[in-house]
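Here is what TrEMBL says about this protein:
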- B:7, B:8, B:9, B:10, B:180, B:185: ATP binding site (BINDING)
- B:47, B:74: substrate binding site (BINDING)
- B:267-352: domain 'ACT' (DOMAIN)
């Protein structure tokens, strides 16, 4: 008998019919002799509808009120799932984030979990009940106000609960039946992966894979909670994400997949005097505006005028704001220029196997060269290589690299409608 | 400077536009120098939509989960109203029923308020903020679970908060601009009343007036909280409900109005032996089934066989269930028969002025006789006369009595769309 935490995304709960199907799965898992704790996202488009209402009422709503509003969505799905489970005759009790002991920082809209004290959830489990917990929400330790956890919050709730309850596994259900070696919509022979390490999953998530939110994987790694990515439409065992990279024997380490990301733009600041402290001004002005930058590349100093250039990527959504700040900076400092390009994409290759194969970077760059694809920026970590290419080349680049490293499978990829969150 | 509690019904909050209009009114009240606490119902049809979803998922949902579901509706309207107020630049803070200290019994779906400890609300007021409280909901003292207060729950929340905060007045906003001397849809010259006592309002509510829920008026009378019935569409001062009947000088006591009610059915149990304890069996069987009965009339014993008949009214919704129980009882006891009639209506005349006018009952019955309307049952209290008539006669009876006692006004009645709750 195991303790299983299951998290269901909004598209798995978008109608009464889907909620009943999910409830059936939960009840079956419980009947099989497991203790089950379920974390629910809001139904289908509920969150978007509430955001839309809020925008009509106040374009810049107070964050505390926004959290009160949005958490209603998870309370609705939460109680409906509990009702559906009860209709199958199984014992069940639902909990809000607060009732489940999800204690957070006070930062409304993007709170961090400080601790989880799931005494009431544990009591329900001990009484033989299925426990249903509203995802995405917690309660501020100091003010007892309701908070939300930001993007991917329900995944994080599930992992944090699994850690606090010392669950055997945290299953994340969505429309996709696992983690693939590439986006099956781009690479037709993408292969479902049976198992990968936390580090590999982290690199995939950071490189654009949408299947798991980076933050939830970081949490799972920190508390060593095995995660399993599964589809709420099938009984496929899905993909297990667990274990440290160090635990993988060298001869078993492989390249797990290709990730693509076309959500970023590239900014280049030209003609920065190559003396200490000048380049830092670029990063300071962006940090003060809470703009996260991703890949950074500083060219070596130009010998004839002793200046340097800095290139970095950032979310397209922050592009215009970042450019405004940097144009002001360049003018103020008398630097040469700043340029913007949002027609780019990142293509990444990830896998622990990279460590034992020194030629991977060479093969990677040659694959793109053979296809006539120009590399704008290149960046590597211990288990990842990322190239920035023109967005128009992204899909070709992903297919080429997937092919070059022989990552494909024999079975066709299974893709369901929508994208679970 | 006064402390004003305002309660807005669902139809006043059914869209973003309406929410902004309500917010404007709240901000204006606050700017005029008042402390303001607002209680919100769920938006428009939200509660019905949630009930419908629940029915699809489980026809007999667990009451605890139902309360978790339904309270989401008030949390949504609550936070949206707070956002709208913030958009006008006014300081505001929203509270759930639990955060506002609404402590209840554990009876899910129909909890009673045990006490209100609005420390956080008072702090917000003291800090100059407008406080917004989700209506209809509280928290069980023992388990800390969310509860709902049943029908008219938001009115009751508002009155209970007003009592705990020692507010100067509790304003109940809906689509109607006050309490009328009759339903304006039935009696065209119905007059808006400026003021009536708690007892008169209680009798009107108990006799079928929908404008205020009986329970909230009982609460207001117990804590002596003046209530004001107003429209969220106009600046009319509405109707003040306050003070004890005893405080009204005899010469100012008037007949306030006519109420109609076609939501009840009539049951007659025939041939009950006229010995102690037999009639009680009828009421016991209904009480055990939690069926509330209203008007009761026991005929004097029939001399030739020493039996009696009992007639009473009950909600039509409980009619079939009540009949089944009584048919079984009559068969078991060997009584004569039980009959059912749901083509009835109650017409009531209410007013403290009745006490000083001994001829009112005579005038009341003669008015109906002159119109050829037969009286099925008759029942009186100190300030009310109620006749049960055929439903087809209800409107004529109301008009006739309204005319007979000269209750009409000169100004046309103002009726807005919908019926606020």
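Glycine is no exception: its Cβ is also placed from the backbone N, Cα and C atoms.
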Worksheet item: If you measure from the C-alpha of residue B:47 (substrate binding site), which of the binding-site residues B:7, B:8, B:9, B:180, B:185 fall inside 10 Å?
Response: none
Discussion item. My list of binding-site residues is B:8, B:9, B:10, B:47, B:185; which of them have a Cβ under 8 Å from any chain A Cβ, in sequence order?
Written reply: none
Worksheet item: Hey, how far is residue B:8 (ATP binding site) from residue B:74 (substrate binding site), Cα to Cα, in Å?
Response: 11
Worksheet item: What is the separation, in Å, between the Cα atoms of residue B:10 (ATP binding site) and residue B:74 (substrate binding site)?
Response: 9
Worksheet item: Three-state secondary structure of residue B:180 (ATP binding site) from DSSP?
Response: strand
Worksheet entry | Tally of DSSP helical, extended and coil residues in the domain 'ACT' (B:267-352) | 30 helix, 32 strand, 24 coil
Worksheet item: How far apart, in angstrom, are the most distant Cα atoms among the ATP-binding residues B:7, B:8, B:9, B:10, B:180, B:185?
Response: 24
Worksheet item: In whole Å, how far is residue B:74 (substrate binding site) from residue B:185 (ATP binding site) when you measure between their Cα atoms?
Response: 30
Worksheet entry | Three-state secondary structure, which DSSP defines for residue B:9 (ATP binding site) | coil
Discussion item. Using a 10 Å cut-off on Cβ-Cβ distances across all protein chains shown, tell me which of the binding-site residues (B:10, B:185) has the largest neighbour count.
Written reply: B:10
Fill in: DSSP three-state assignment for residue B:185 (ATP binding site)
coil
Item to complete: Work out how many Å separate residue B:9 (ATP binding site) and residue B:74 (substrate binding site) at their Cα atoms, rounded off.
Response: 11
Item to complete: May I ask for the distance between residue B:180 (ATP binding site) and residue B:74 (substrate binding site), taken between their Cα atoms and rounded to an integer number of Å?
Response: 29
Item to complete: Pick out which of the binding-site residues B:47, B:74 has the most other Cβ atoms within 10 Å of its own Cβ.
Response: B:74
